[in-house]
Amino acid sequence: MSDSQVTADARQRSLTGGIYAVVAFTAWATLVHYWKMLGQVPALEVMLNRAVWSVVFILGLLALTGRLDGLARELREPRRLAVFAVTAALLAGNWYLFIWSVQAGRALEASLGYYINPLVNVLLGVIVLNEKLSRPRQAAVALAALGVTILTVHLGVPPWIALLLAGSFGLYGLLRKMAPADPLVGFAIESLAMAVVALPWLAALELQGQGSLFRLGWQTDALLLLAGVVTALPLIWFNAAAKRLTLSSLGLFQYIAPTGMFVIAVFAYGETFTTYHLVTFGLIWAALVLVAIESIRTMRRQNQ
């Protein structure tokens, strides 16, 4: 194969990976609207349905792709299962808080959390993994901290939704590194762990006549039953992107999701966006630009 063919294949691979990444992160952003359409169902019940139907969909997918053996192998590793139990709890909490924030009209604060998340990852790397913090990243963390402080002074309380979403997802990512597995297999185990609690909980709600499934119309039923599909599909597309892109390149696409959430919250739902919000988001956007520039420079040095 000639050098030109290799280059063309690499470009095609990167282009395909980029398309998958855009689709995945855009899908994650539009989940804001999906959960908003389920506003008549309590957030906890939505999360429980999401967990149960995710198991159904992901196990079916693993069966179709012949990867159930990988799931069986992981289930025979007690130490890894313990890690997955913790990550499942973090993921469930993250899901619930995100759904609740959207239904409560606080999607803007949720978007702030996902903007902050990369910076939380930087801090966790320093605190837990003893990674060195470069000057651009030091400046980025300082800018983000200043932004959060300004919003805290304005609101009178910290933006706890944003901080909890960023913190829980940051810890989730850190712990998943301790139990490396096929992403879909890992997600299947986490979904199974959540379903162990979610399924009897939902059954109890139905027996008490308090459940929403099959009681609020076919549109609500469809949204609840498809909650697993809309959860798993972006993950599948993300994995397809990850196989074709470098980690640094993939990281630059991650801001599509919170940006989409931001646009939907402010322009579609008309959530309050004050000058203080503008300053806070502006400082965090500046911080992310610093991190992105450093990532691009690092990537270029590695490619030389």
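Numbers run from 1 along the shown chain.
Just so you know, glycine gets a Cβ as well, placed from its N, Cα and C.
Cβ atoms under 8 Å from those of the transmembrane segment (12-31) belong to residues 230, 233-235, 237-238, 240-245, 249-250, 253-254, 256-261, 264 of the same chain, restricted to positions at least 6 beyond its ends. If you look up TrEMBL, you'll see 12-31 (among others) marked as transmembrane segment.
The domain 'EamA' annotation in TrEMBL covers 16-152. With DSSP states grouped into helix (H, G, I), strand (E, B) and coil, the domain 'EamA' (16-152) comes out at 116 helix, 0 strand, 21 coil.
Using a Cβ-Cβ cut-off under 8 Å and counting only residues 6 or more beyond its ends in the same chain, the transmembrane segment (51-69) has close neighbours at 92, 95, 182, 184-185, 187-188, 191-192, 194-195, 197-199, 202, 224-229, 231-232, 236. For 51-69 (among others), the entry in TrEMBL reads transmembrane segment.
Per TrEMBL, the feature transmembrane segment maps to 81-100 (among others). If you look at the transmembrane segment (81-100), the same-chain residues 6 or more away from its ends with a CB under 8 A from one of its CBs are 35, 38, 43-44, 46-47, 50-51, 74-75, 110, 161, 164-165, 168-169, 171-172, 175-176, 178-179, 186, 189-191, 193-194.
Marked as transmembrane segment by TrEMBL: 112-129 (among others).
Per TrEMBL, the feature transmembrane segment maps to 136-153 (among others). Residues 112, 116, 119, 122-123, 159, 162-163, 276-277, 279-284, 286-288, 290-291, 293-294 of the same chain lie 6 or more positions beyond the ends of the transmembrane segment (136-153) yet place their CB under 8 Å from a CB of it.
The transmembrane segment feature in TrEMBL is assigned to 222-240 (among others).
Taken from TrEMBL, the feature transmembrane segment applies to 252-270 (among others).
Here TrEMBL flags 276-296 (among others) as transmembrane segment. Residues 108, 112, 115-116, 118-119, 122, 134, 136-137, 139-141, 143-144, 146-148, 150-151, 154-155, 248, 251-252, 255, 262 of the same chain lie 6 or more positions beyond the ends of the transmembrane segment (276-296) yet place their CB under 8 Å from a CB of it.
Per-residue confidence over the domain 'EamA' (16-152) averages out at a pLDDT of 89.
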